[in-house]
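See below for the structure under consideration.
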Amino acid sequence: MSAQRKAAISVVKAETRQRLAELDDAEEYDEALLNGYQNGANGVEGGFARVSATPSLGRGARRPSVAGGDRTLSRVSVLSAAPKWFVRDYLATKEIILSSWFNLLLVCVPLGWASAYVGWGAVTTFTLNFLALIPLALILGDITEDLAVRFGDVVGGLINATFGNVVEIMVSLFALFKDLYTVVAASLLGSILSNLLLVLGCSFFLGGLFHSVQTFNAVSNRACSSLLMLACIGVSIPSAASVILIPADLRQDWILDVSRGTAVIMLICYVCYLAFQLKTHADLFKGEDDDAVPMLTLGTSIGLLTAITAVVAVCSEFLTDSIKEVSESTHLSEAFIGLIILPIAGNACEHLTACIVAMRNKMDLSMGVAVGSSIQIALFAIPFNVVVGWISGHNFSLDFSPFAALVLLVCVVHANFVTADATSHWLLGIQLVALYCLVAVAYFYQ
């Protein structure tokens, strides 16, 4: 997650943060919860008479009602006995969980696990765990952004580098450990193309419906475009050389050596990108919510992050376990499943956030979400998988198929061409989405 992606999510969550900040300023609602209910219904009524004008805490976070009877008062008494930090974390966690209709898909988590253990079939297991990853990615994005707000740009950037695309990384790692190298390459390539073409294209299109021409920062756009081209070249060299230059008997060792060296260079470039974004040129990526305060306490954030990451890991394992059977039973290639289907789960958060901020004419933030996430995958997730494979004895390389390398090159060149003048409108969005559909059709019939 880039600094702009963090800022974009902050914009989307600004209403929630404002409500919690108002409660912090007045401390009326917390005090009412903690101290206002000792005298029964009269205490409740009196406690809330002072805060009747305070905004609600969002979807699902209702104030206790006197009309609720003993059941409501029982719930209130539990809250009144709890520490103040617990009450705030409870409200903030409730807001995060209820903040999107996507989170209704959390019911697929236990169903997906049950399908894997009971044996409801590979397609059912794949579908349920795939759907479960969508809300998990969304919630992880909220919690990661909350930690980034707490620790500031530098540490926050490192947290985002680790957890910003945790779903894509988890899925690719489990596929790597199962020697599904085609799925690893396709899922990471698909995540880049999904962000760069589908997410950015929808943002341009929806933003263009509300604003005839939109602009974004040209300097940061050029920096991001050149980094994407660098990553594209890093993937293309082993792929092309394996076909054109290297004798068959020397090919495998040469490709692995070049891929591992390239992966280290790409990781160094990613660290330099973080320094550029967070320190030396932070003003180019500065968001509008720099004074935001975290919604959750540190312990709760870390606990939720750990728990949800563990759940993502289990869902990812069940998902990757079923890919081969799904491919055979549906006659969809592993490359199509990895390139087109799997990125949907990890990119739901980016897609929603980028479109919302684009419609609000915040194109720098929208670009940061889509392009920044593509850079994270290209310069961090792909070389990270190569290095992990190197350490663990799984020979994953940057030797993507020549067609995959060509697709990546063409898409990056076209996206750079579309964004070259730092302006956008709805027709450019249509072009990007159309190119994504062309790639999807090509892989569907591959």
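Placement of Cβ uses the backbone N, Cα and C atoms for every residue, glycine included.
The domain 'Sodium/calcium exchanger membrane region' annotation in TrEMBL covers 123-278, 301-442. Residues or ranges marked as transmembrane segment by TrEMBL: 96-114, 120-143, 155-177, 183-206, 227-246, 258-276, 296-315, 335-357, 369-391, 403-419, 426-445.
Counting residues 6+ beyond its ends, the transmembrane segment (403-419) has Cβ neighbours under 8 Å at 185-186, 189, 192-193, 196-197, 200, 216, 221, 225, 228-229, 232, 235-236, 239-240, 335, 367, 371, 428, 431-432, 435, 439, 442, 446 in the same chain.
Distant neighbours of the transmembrane segment (183-206): 165, 168, 171-172, 175-176, 214, 228, 320, 323, 334-340, 342-344, 346-347, 350-351, 354-355, 357-359, 363, 366-367, 369-371, 373-374, 377-378, 381-382, 385, 396, 400-401, 404, 407-408, 411-412, 415, 424-426, 428-436, 439; these residues of the same chain sit at least 6 beyond its ends, with a Cβ under 8 Å from one of its Cβ atoms. Here the transmembrane segment (227-246) has long-range neighbours at 196, 254-255, 258-259, 262, 265-266, 269, 273, 371, 374-375, 378-379, 382, 397-402, 404-405, 408-409, 412-413, 415-416, meaning same-chain residues at least 6 beyond its ends whose C-beta is under 8 angstroms from one of its own. Outside the transmembrane segment (369-391), and at least 6 residues removed from its termini, the chain residues within Cβ reach (under 8 Å) are 1-5, 8, 161, 164-165, 168-169, 172-173, 176, 184, 188, 191-192, 195-196, 199-200, 203, 221, 224-225, 227-228, 230-232, 235, 259-260, 262-264, 266-267, 269-270, 273, 347, 350, 353-354, 357, 397-398, 419. Helix, strand and coil content of the domain 'Sodium/calcium exchanger membrane region' (301-442), in residues and according to DSSP, is 119 helix, 2 strand, 21 coil.
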